[in-house]
Amino acid sequence: MGAYDGAEAPRAAPASTAANSRPSRLLLLHSLLLRLVAVVVSILVIAVMVHAKQRVMIFKAEWDNSKAFVALVAISAICLGYSFLQFILSAFHLCSKSWKSPTKCWAWMNFIADQILTYAMLGAAAAAAELAYIAKNGSSRAQWQPICSTFNTFCTRAGASIILSFIAVLALANSSAISAYHLFRRPSSSV
């Protein structure tokens, strides 16, 4: 007979909370930095795009003449607000001495919001990029002439804003991946 005589085998002692929280704290730090990048880049997207204006003789090109550019600015403003709020909350949790992993409900809310905003920003950036392509190359089917040779400053600023918006998409997508990790790494018993 064994030393336990049919009794349940002893369970391994749980690892220390400090060791368990180290990867989560490291991910929280990465999330904090990614959200800061999203905040800064969203500010730049908005600032550069709203200054995308140019007048040549009697003609003018302005960012708010296009619904795609207006949508990009609006989505960037929403992402800016959300990312700033998440940055503040992440910084608070990181600096807190009694730091705990977020609840499953909170993890779901973060995951869903991160997914929605990442895809919204991707869609707005893609629509703006398509408009910029047409502005640069024209469209023979629609008989639209390219305008970037005339409105070079406008096109350069709009293009810079679009490139920045794709950088924001990358930061948001990585934040979303971290949110997914926080949500789906949990055992099914923790609620």
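Each Cβ is built from the backbone N, Cα and C atoms, and glycine gets one as well.
Looking up Asn137, Asn174 in Swiss-Prot, the residue bearing an annotation of N-linked glycosylation site is Asn137. Both Ile58 and Phe151 belong to one identically named topological domain in Swiss-Prot, hence to the same side of the membrane. If one looks beyond the topological domain 'Extracellular' (136-157) by at least 6 residues along the same chain, the residues whose Cβ comes under 8 Å of a Cβ in the stretch are 48-49, 51-54, 56, 59, 61-63.
The list of residues near the transmembrane segment (69-89) in space but at least 6 beyond its ends in sequence, with Cβ under 8 angstroms from a Cβ of it, reads 31-32, 35-36, 38-39, 42-43, 45-46, 49-50, 52, 63, 110, 113, 117, 120-121, 123-125, 127-128, 131, 158, 161-162, 165, 168, 172, 175.
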